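Here is what Swiss-Prot says about this protein:
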BINDING   17, 18, 19, 99, 100, 101, 102, 143, 144, 145, 146  FMN binding site
């Protein structure tokens, strides 16, 4: 039995969002095809994720020195630890995001910061940093109104590229994507683009 974290980062549901529609199709098909697996949904817009700020950095320093943390420091550090441990407990991750300003919503970066922890998801060695998530799988589903996979705008895409880079850094050996793009550039193709993405999601769900 595998544990899957279904991590969504969109303020709207599948009736409005193409990425959420594809994500819903994927996870429903996945659950039908893998009924023995556990699926946990994390809505990043409804989840408290402390940003790494003065309290967090000071709290981590105090923990290393065996010092007492303030209430705010303890609350934030404990919450980040809970997020990390939940992440580590899973075998597979499905991240659903829109493209915002060439990247993704800021809640995604906050989540990545929470789980990118030395000694937990990567380590430093004489050969340099080494990822520790060597038995995990990641799927990223992202919608983009324009075309960024190929063409003149390809170099501007920094959302999926960043996620692929950080997951590789953390040692993840399997990273797949479902990209939904062009529905704003060519509105007359919106339904076709959406239907294709849902079909792709359902197909991948059987083997992921």
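The count begins at 1 with the first shown residue.
Using the three backbone atoms N, Cα and C, a Cβ is placed for every residue, glycine included.
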(message) Excluding near sequence neighbours, so keeping only residues 6 or more apart in the same chain, what lies with its CB under 8 A of residue 146 (FMN binding site)?
(response) 153, 181, 182, 184, 185
(message) Taking only same-chain residues 6+ apart in sequence, whose CB is under 8 Å from that of residue 144 (FMN binding site), what do you get?
(response) 98, 99, 157, 179, 180, 181, 182
(message) Rank the binding-site residues 17, 19 by how many other Cβ atoms lie within 10 Å of each Cβ and give me the one with the fewest.
(response) 17
(request) Going by DSSP, give the three-state secondary structure for residue 19 (FMN binding site). (result) helix
(request) Show which residues of the chain containing residue 102 (FMN binding site), separated from it by at least 6 in sequence, have their CB under 8 Å from its CB. (result) 148, 156, 157, 158, 159
(message) Under DSSP, is residue 100 (FMN binding site) part of a helix or a strand, or is it coil?
(response) coil
